[in-house]
């Protein structure tokens, strides 16, 4: 029996307490043990916080697949600045996509290698296209696109 002094209502799939829905999850005990170990390692206060983050992440990732959703992210790549014309190519790409590139940070890693981190914003399909173009450039040793949400729909 639930005893709350706050407003309680029924919700499809669980009990709703002022905008929060309580529901049950069934899983194997081994999986739950692994989950509990991970949420402790990640410093979550409880399972609910971890599950909310997992659900948000799942929603955000699926929004990218729509391709028309406004998104924000980073393109991080390591490149050898001694590869012929790479600096010019990367700069040209940045100017070509200036409407989507908010900021770029450039760091010298050693005598030969640099890392750049770009903050990008736009439709998911545009961001993926820019990342693919940069990461596939000759001289780029490794690159990664990380997209997230603008937060509007969460």
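Note that Cβ sites are derived from N, Cα and C of the backbone, with glycine treated the same way.
Per Swiss-Prot, these features apply:
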BINDING   95, 106, 108, 114  Ni(2+) binding site
> Once the chains shown are all counted, how many other Cβ atoms turn up within 10 Å of the Cβ of residue 114 (Ni(2+) binding site)?
Replying inline: 17
> Within 10 Å of the Cβ of residue 95 (Ni(2+) binding site), how many other Cβ atoms can be counted across all chains shown?
Replying inline: 9
>> Just to be sure I understand the packing, how many Cβ atoms besides its own are within 10 Å of the Cβ of residue 108 (Ni(2+) binding site)?
In response: 10
> By a simple count, how many Cβ atoms lie within 10 Å of the Cβ of residue 106 (Ni(2+) binding site), its own Cβ left out?
Replying inline: 12
> Which state, by DSSP, holds residue 106 (Ni(2+) binding site): helix, strand or coil?
Replying inline: strand
